[in-house]
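Asker: What follows is a single structure, and I will ask about it in a moment.
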Amino acid sequence: VDVPRGISLQNGAVPGEQGKQDKTVKRGNWGNQIEFVLTSVGYAVGLGNVWRFPYLCYRNGGGAFMFPYFIMLVFCGIPLFFMELSFGQFASQGCLGVWRVSPMFKGVGYGMMVVSTYIGIYYNVVICIAFYYFFVSMTHVLPWTYCSNLWNTADCVGVLDRNLSGHAAHKLAHLLNTTQKRTSPSEEYWRYWGWGWWLGKQWWWGPTDSSWPPPCRNYVLQLSDDIGNLGEVRLPLLGCLGVSWVIVFLCLIKGVKSSGKVVYFTATFPYVVLTILFVRGITLEGALTGIMYYLTPQWDKILNAKVWGDAASQIFYSLGCAWGGLITMASYNKFHNNCYRDSIIISITNCATSVYAGFVIFSILGFMANHLGVDVSKVADHGPGLAFVAYPEALTLLPISPL
C-alpha cells in the first residue's frame, strides 16, 4: 500500500485517515520502558504498603489474610490495572480527555481529577513531615531517643533507657498494671501538646491557657486540645511543606522527561532502606516472635466478610486504581507497548513489597514487645502512628541512627 508522505502507521493508522496520526510525538513519550515501570511502581508502592497492609494482615488473620488478598489481586486488581493502562495507552490522553470515548462518563474523569487533587495535597503534608524529621535528625543523638527531654511526661518509657532495672523498670511495671499502655519518647515527640516546667524532680503539666511558663517547642504537631481550637501555624512545618511543593515542581517541570529520570532514585531507594531495616530487625531479640505474630494464620477469620472487604480495599488503595494516575502515566507510552506485561510486573511487585514491609515492621515490633514485656498487639500500630512513631523509635536501635 502506498502511504502518503507525512502519514504514520505507528499507531495503527489506515492510509487516508489523518486523525490516526501519532499524536504521542507531540505529547512526548517515556525515555524508555524502564522509566514507565519505575514510575508506576513508585506510584503504586507507597504508604499503603508500609503503614496499612501489615496492620490489616495481623488484624485479619495473619497469614490467612494472604489468601483473600491474592485472590483480590488476581480477580480485581490486575484486571483493573491492565484496563486502565490499556485505556490510557490506546487513547494517548489523560484522565480527563480519555473519556471522549463516551462523553456521558466525562464526570468520571473529573471525579478522578478531584480525588487525585485531594491525595496530592494530603501526601505532600506527609512528605513535609518526613522532611521535618530529616532536618531534625542531623544531630548526634536523635531527639526522640530518651525520655529526658522537655516535652516528655512521667509515663514515658524508652526502649534504650539505660536505667530500666531501677526507677524506669518500676515505672514500667506500674504502667502495665494500670493502663496497659506505655508512652514512647517518639510518640510524645510526635503527638505532644501542652505546657510543662520543672518542679523539684519531676515535670508538672498545666493547662494550655497558662501565661507561664512558655510552651515547649521541641515537638512536631503541637496538637490543640479541642477541634474548636485551631492552634497556631507551625512555621518549621510550613517551611518543610514549601520545600516539598518545590521538589514536586522540579520533578514535573519537564513532564515525563524530568519525572522519568527522578524515579530511578525515588522508586528504588525505599527498597534499600527497607532492606537495611529488615537486616537489622531480624537480628534483634524477639524478632521471630513478631514475625510469627504477623504470619500465623487464623483460618476461621476467612469466613468473615469484613476480611474480604479489607483485602479488596487494600488492593484498590495500594494499586491506585480509579484515581486517574495510571491512565495518565500510560498515555505517554508508545502505542504498541506491551502494557499487559507491565501490569503483571507492577501489580506483583506492589503486593510483594507489602508482604516484605510486613516482615520489616513486625520484626522490629517483636523486639519492642520483647523489650517491654508486653504482647505484640500492644505496640502494633497503623497509619501515621506507624511511620512517625514506631519507625523513628526503631531507627534509634541502629548503630548510626541519625544516618
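Glycine too: its Cβ is placed from the backbone N, Cα and C atoms.
What TrEMBL says about a protein is an automatic prediction, not a curated fact.
Feature annotation from TrEMBL assigns transmembrane segment to 36-54, 66-87, 108-135, 235-256, 268-295, 315-332, 344-369. Taken from TrEMBL, the feature Na(+) 1 binding site applies to Gly42, Val45, Ser318, Asn350. The Na(+) 2 binding site annotation in TrEMBL covers Ala44, Asn49. Residues or ranges marked as disulfide bond by TrEMBL: Cys147-Cys156.
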Asker: Between the transmembrane segment (344-369) and the transmembrane segment (315-332), are there three or more CB pairs that fall under 8 A, provided the residues in each pair are separated by 6 or more in sequence?
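Answerer: These two stretches do touch.
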Asker: I need to check the long-range neighbours of the transmembrane segment (36-54): which residues 6 or more away from its ends have a CB within less than 8 Å of a CB in the stretch?
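Answerer: Long-range Cβ neighbours of the transmembrane segment (36-54): 30, 123, 126, 259-260, 263-264, 266-268, 270, 294, 314, 317-320, 325-326, 329-330, 332-333, 337, 342, 345-347, 349-350, 353-355, 357-358, 361-362, 382-384, 386-387.
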Asker: Excluding Gly42, Val45, Ser318, Asn350, which residues of the same chain place their Cβ within 8 Å of the centroid of the Cβ atoms of the recorded Na(+) 1 site?
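Answerer: Other same-chain residues near the Na(+) 1 site: Val41, Tyr43, Ala44, Gly46, Gly48, Asn49, Leu319, Gly320, Ile346, Thr349, Thr353.
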Asker: Counting only other Cβ atoms and using a 10 Å cut-off, which of the recorded positions Ala44, Val45, Cys147, Cys156 scores lowest?
Answerer: Cys147
Asker: Can you name the residues of this chain that are 6 or more positions from Ser318 (Na(+) 1 binding site) yet have a C-beta less than 8 Å from its C-beta?
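Answerer: Correct list: Ala44, Val45, Gly46, Gly48, Asn49, Arg52, Phe53, Asn350, Cys351, Ser354.
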Asker: Could you state the whole-number distance in Å separating the C-alpha atoms of Cys156 (disulfide bond) and Gly42 (Na(+) 1 binding site)?
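Answerer: Rounded to a whole number, the Cα-Cα distance is 37 Å.
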Asker: Taking the Cβ of Gly42 (Na(+) 1 binding site) as the centre, count every other Cβ atom within 10 Å, in any protein chain shown.
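Answerer: So the number of other Cβ atoms within 10 Å of Gly42 (Na(+) 1 binding site) is 19.
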Asker: Using the alpha carbons only, what distance in Å do you get between Gly42 (Na(+) 1 binding site) and Cys147 (disulfide bond) once rounded?
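Answerer: One finds 36 Å between the Cα atoms of these residues.
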Asker: Starting from the Cβ of Asn350 (Na(+) 1 binding site), draw a 10 Å sphere and report how many other Cβ atoms land inside it.
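Answerer: Its Cβ has 25 other Cβ atoms within 10 Å.
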